[in-house]
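Asker: One structure, pasted below without further comment.
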Amino acid sequence: MIEFDKLSLRLGDFYLQDVSIRINRGDYYFIIGPSGAGKTVILEAIAGLHLPDSGMITIDDRNVAALPPEKRRIALVYQDYSLFPHMSVEKNIGFGLRMQKCSKEEIHRRVSRLLEQFGIVHLKKRYPGTLSGGEQQRVAIARALASDPEILLLDEPFAALDPITREQIIMDLLRIHRKKNLTIVQVTHSREEIMRMANRCAVIIDGICVQEGPVESVFQNPGSTVVARFIGMDNVIPGVIIARSSGLTTINLGGKSITAVSDASPGDPVEIAFRAIDVTVELHNGFISSAQNRFIATITAVVPLGGPLTQVHMDAGFPILALVTTLSAEQLDFSPGMDVVASIKASAIKVIENEGVT
Amino acid sequence: MAQCSFLRDRCLLFFSLLGGLILGITILPLLNMTIQELSDIPHLLQVASDSKVIDSIILTMGAGANAIIILMIFGIPLAYVLARAEFMGKKFVETIVDIPLMLPHTVAGILVYILFMKRGLVGGPLYNIGFSFEDAYPGIVVAMLFVSSPYFINSAREGFEKVPLHLENVARTLGATRFSAFLHVTLPLSARHIYNGAIFSWGRAIGEFAAIIMIAYYPMVISTLLYYRFSTGGLKESSSIAFILILSCFTVFLILRYLSRFIGRYDDRV
């Protein structure tokens, strides 16, 4: 188990402030956040490449401040793979074993097994400069696993890969994670990878850990608007609670009322957040329904995303962004200036309280 | 193919013409001297077979190589620290490294002489145990070491800086100590810079005159011998020595440049 207790670290102009996270043994843990948020620094701190200015890192309840990287049994794979350019694939993979003074036979045996496992036997005499991105990534992961680490740190492992290679490496990693019960900590700024691979995650924004916990909980209940936006809730609107009854609250959004599930008390300033995909857009037939969360809105822009989906920007007294199928956008002939009805299910709306405290 | 596009590229052609003028400044006197020397081949052969000249050239190149070996032992660690560590007063240390570049060579000679003479801070105690720098081989080596050190240290440092820190970090997470990571990753990847730095500073050491004669007039390095023959025997004799020195240096450095292609080839492909 890796635990950060109020870890602060300064590197030049960059600050990591009071970061507390807990990674359990066997977790597939994701550190997520926008570029430049400090995710890689956290990995390097776990590996022992940076010493904290304050706070503590413990691994299996042991303070590791005095433990140099070479004694931690934590392997790190950088985004650029960082293969040793002057060593063949074989030598790269065997590097850790050579450093641990393993016998030649042992090195040969383990390197051969990894080459086979990753399907790169044919590359063993090649040098990194002649390999494709996907091949380099496989070599880098094989090299990291060669010395049988307890923790594997991956810095955006799929960032530079084509979709097919990416898929193969995801499968490889999931298999290794399951088989070896390895703890994997992976950095990404992609939301899709998290839903698929992680069981726990931390959201790091500007050097601060804004939320941490099981993936479902972070994605279902974003604790702040920054997290809400990051996990794909494109609609974030400020409002004030005006009424509450039987678990449902009514929120005033600049004159319009919206209903959501929340425990906030009347008078509380809140932010509401919901995904664009949870907004339904219908043609306005003149009839104004009294149903909850239905708003007459004017389309301000229609943006096809190039795939099956199209963004519809609307103004209902407050801005709403919807994601509809391109097919229905064409069939209903959505165009700017058109009046439509936008509706959002109450259960799809997250109410975020106490903004600024998280 | 490359030549064809070179000739069509007007910018490159224009730059080559400008650059050619600079080369001309070196080539013209060399050519001038070559023609003169080749007009009296018997005299040239006589000077070339003079054992004093041959010994002196061997001494100069040998002392230079000796200085570079010492420089590598102490300069590589310094260059690595400067490349990888941030500390208070780093700019100060960097400036000290560069000082021999800025000083007139006579000043370098005085500095070396004061420190290593028989009554000097370092030279004194060593003289007492029978080790002399004044008018002796070690004096030549320290003078060469002093004037050529910045070329080597700065080049090695540049080489270390070019090795991505990530490579060292990865090596360490794979179980290498910092020293092992340096030895197995950083050092081989900077081999070309270190090699080129060594050639540069060796060249600088061989060319030194002022700093050397101040501490060691004897044994005569080639520049001292040349100056001595110039003041006693005149231009004809000294220019033949100069010609022979130029020829030997050109040959040696051409070979060394050629060999550098085989060192650290892999880093081109990253």
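Glycine is no exception: its Cβ is also placed from the backbone N, Cα and C atoms.
Just lifted these from TrEMBL, have a look:
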- B:57-256: domain 'ABC transmembrane type-1' (DOMAIN)
- B:12-31: transmembrane segment (TRANSMEM)
- B:57-83: transmembrane segment (TRANSMEM)
- B:95-116: transmembrane segment (TRANSMEM)
- B:136-153: transmembrane segment (TRANSMEM)
- B:209-228: transmembrane segment (TRANSMEM)
- B:240-259: transmembrane segment (TRANSMEM)
Asker: Determine which residues of the chain contact the transmembrane segment (B:240-259) at the Cβ level, with the cut-off under 8 Å and only residues 6 or more beyond its ends counted.
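Answerer: Non-local partners: 30, 33-34, 37, 43-44, 47-48, 53, 57, 61, 199, 203, 206, 222, 225-226, 229.
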Asker: Is it true that the transmembrane segment (B:209-228) and the transmembrane segment (B:95-116) have 3 or more CB pairs under 8 Å, sequence gap of 6 or more?
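Answerer: Yes, since the transmembrane segment (B:209-228) and the transmembrane segment (B:95-116) share at least 3 Cβ pairs closer than 8 Å, they count as touching.
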Asker: Any chance you could find the range in B:12-31, B:95-116, B:136-153 with the most Cβ pairs under 8 Å to the transmembrane segment (B:57-83)?
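Answerer: Most contacts with the transmembrane segment (B:57-83): B:136-153.
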Asker: Could you give the residue numbers and ranges of same-chain residues that sit at least 6 residues beyond the transmembrane segment (B:95-116) on either side and whose C-beta is under 8 angstroms from one of its C-beta atoms?
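Answerer: Long-range Cβ neighbours of the transmembrane segment (B:95-116): 78, 82, 122-123, 133-134, 138-139, 142-143, 146-150, 153-154, 208-215.
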